[in-house]
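The structure under discussion appears below in the form of structure tokens.
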Amino acid sequence: MSSAEALAFDVIVIGGGHAGCEAASAAARAGARTALVTHRFDTIGVISCNPAIGGLGKGHLVREIDALDGLMGRVADRAGIQFRLLNRRKGPAVRGPRTQADRKLYRLAIQQMITEQENLTVVEGGAADLVCDGERISGVTLADGRVLKCGAVVLTTGTFLNGLIHIGEKRFPAGRMGEKPALGLSERLLSFGFTLGRLKTGTPPRLDGRTIDWQSLDMQSADEEPVPFSLMTDRITTPQIECGITRTTPETHDIIRANLHRSAMYSGSIEGIGPRYCPSVEDKIVKFGDRDGHQIFLEPEGLDDDTVYPNGISTSLPEDVQLEILKTIPGLEKAVLLQPGYAIEYDFIDPRELKRSLETRKVCGLFLAGQINGTTGYEEAGAQGLLAGLNAARRAAGSEPVILQRTEAYIGVMVDDLTSRGVSEPYRMFTSRAEFRLSLRADNADQRLTPLADEVGILSKERRKRYLTRETALSHARMVTQSLSITPNLAGYYDLRLNQDGVRRSAYDLLSYPDINLDRLIAIWPELASIDPVTREALEIEAQYAVYMERQQSDIAVMEREERLLIPSGLDFDAISGLSNELKQKLKQRKPETIAEAQRVDGMTPAAVALLIAQIRKFGGRQKLAAETLEGKGAA
């Protein structure tokens with residue numbers, strides 16, 4: 001790293017968390033000479049808070065990261081110690097794969113992948129400043145004075161950007177417990193004209209599992225047949241563990257109420273807004289004080305680690321109050337506190353400052369991913385990191401960006417939400433955020449996104465081969481089941497109750513019936529028994545949703561047409577007669593590039609959209625649709 005040549009890269013990624021690792025890996029896979037700048041190599045891939053990956057909505061993101069040949073799914077499969085498929089009894093569209101992860105195994109697995117990745121160099125050091133050539137990023141200055149030159153930068157600072165930890169009345173600068181914050185970068189971002197805000201998150205105390213009375217607790221087991229995240233994982237081999245379940249008590253609540261004035265959250269010390277769906281225990285007691293207790297999951301942090309994460313009691317109360325609280329919780333009366341819970345505040349940038357490529361609008365070549373964009377969660381961060389890293393590599397190479405639409409992926413939904421609506425609190429993914437969740441299922445992420453990954457050059461040969469093998473098997477099974485048919489009368493002999501309308505139905509059609517699966521059809525057509533279990537499940541889900549998917553495709557087509565209807569860059573919003581001054585101002589500030597994007601501007605009504613479309617036609621005549629996409633303009 002001593003020569004000038006060694007200090008030049010195509011892409012520099014700042015931060016070695018979940019967003020940074022995915023960004024660095026994606027950029028390197030895309031062929032960019034990539035540097036991952038982090039304070040210390042041994043902190044790459046650290047799970048800062050909850051030792052779990054996936055869940056409702058989040059599991060979909062992990063599957064999509066994996067479909068794009070990212071790291072998180074494979075790493076979680078190696079490190080997972082309690083796999084559970086959430087919403088198993090509900091439809092496949094809302095099922096959420098989740099695993100509790102061994103912190104050490106997770107960190108070591110991702111560090112190994114980073115080390116083995118071609119085109120990727122880890123640079124230990126702190127990023128002190130961003131270097132620009134006019135309005136274009138050109139490098140990064142490190143705290144020790146080194147200057148790294150580049151064509152694009154991905155900033156993934158997590159909670160480190162002006163991070164401030166709160167434990168009761170105490171507060172001190174930190175990125176997370178025991179690590180220095182990133183100072184100075186906020187001032188540089190402000191100098192670029194970005195709008196910064198403060199957000200907050202928190203974490204519970206860590207406990208010594210040897211001092212917990214496990215015998216008095218209910219226990220939750222892992223699934224008997226763990227469902228992996230990654231297409232590349234044949235089966236889970238890591239030992240699976242149980243978690244304990246306990247609850248807070250009225251005595252717990254009394255202690256919290258009596259000490260609310262000492263909580264950083266309620267004393268006025270914290271300015272940042274916390275995540276709505278991960279409230280502190282103080283919030284739970286204040287907002288849901290009528291409940292007798294709140295559930296706590298006691299999650300071991302590793303196979304050879306006695307540390308336990310009590311999921312459900314995130315707090316910023318003083319350490320002495322935290323100790324008193326533990327004494328009132330069944331099973332934790334004698335628990336030893338290894339690390340107090342705390343809240344942490346950090347800077348973020350209004351994500352409306354970003355294009356959908358995750359490149360900033362103000363500085364060419366500067367990309368942002370993760371909590372700096374106002375999101376919360378490893379999965380949200382990793383998904384943004386992958387997209388930002390890929391597009392940073394493409395920016396450095398002079399190629400057009402990759403834009404994921406809302407109709408294509410949960411990643412597209414998230415990025416569109418962030419860049420068009422912004423955030424008033426930390427954003428997390430739910431299946432309910434997607435209009436087309438029947439087609440955006442966790443089980444079909446590979447079908448939706450792996451061909452794209454192959455097209456843009458970030459897919460490994462091994463994954464391509466495995467994907468094509470699976471798709472060939474599914475295509476063959478589909479063809480076979482569509483070629484086999486039966487009359488309603490004959491179906492009755494096999495105890496299949498169909499409308500007696502005389503219409504023959506294929507085996508594929510029959511799989512759409514709620515009480516019919518492949519096992520029942522094998523009695524009629526024994527040759528179906530040769531379909532392997534993985535293909536069988538995929539076929540059953542596909543057939544189950546086939547009718548609904550046909551209906552949804554028309555809705556998707558409407559949205560895609562709106563995504564392609566471009567707003568000319570020179571359109572004068574002030575000239576649109578009938579549009580309110582408020583909307584004119586918002587449109588000028590937001591600068592939407594398509595009608596679909598304009599529709600998501602706060603306050604836009606159907607009448608306002610009609611006025612905008614009329615002005616577009618007056619401005620430039622008939623707009624090109626499919627031929628002139630966002631990518632073609634390079635606007636995103």
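Placement of Cβ uses the backbone N, Cα and C atoms for every residue, glycine included.
The FAD binding site annotation in Swiss-Prot covers Gly15, Gly16, Gly17, His18, Ala19, Gly20. Long-range Cβ proximity for Gly15 (FAD binding site), meaning a same-chain Cβ under 8 A and a gap of 6 or more residues, is found for Val37, Thr38, Leu155, Thr156, Thr157, Gly158, Phe160, Gly370.
On its own chain, Lys284 (NAD(+) binding site) has Arg291, His294 as residues at least 6 apart in sequence with a Cβ closer than 8 Å to its own Cβ. According to Swiss-Prot, the NAD(+) binding site annotation covers 274-288.
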For this session: Measuring Cα to Cα, tell me the gap between Arg276 (NAD(+) binding site) and His18 (FAD binding site) in whole angstrom.
Result: 22
For this session: Out of Cys278, Ser280, Val286, Phe288, point to the one nearest His18 (FAD binding site) in space (Cα versus Cα); all of them are binding-site residues in the record.
Result: Cys278
For this session: May I ask for the distance between Glu282 (NAD(+) binding site) and Gly17 (FAD binding site), taken between their Cα atoms and rounded to an integer number of Å?
Result: 28
For this session: Work out the three-state DSSP category of Gly17 (FAD binding site).
Result: coil
For this session: Enumerate same-chain residues with a sequence separation of six or more from Cys278 (NAD(+) binding site) and a Cβ-Cβ distance below 8 A; give 'none' if the list is empty.
Result: Thr201, Gly202, Ser314, Thr376, Arg428
For this session: Around the Cβ of His18 (FAD binding site), how many other Cβ atoms lie within 10 Å? Please give the count over every shown protein chain.
Result: 33
Exercise. Measuring Cα to Cα, how many angstrom lie between Gly274 (NAD(+) binding site) and Gly17 (FAD binding site)?
Worked result: 20
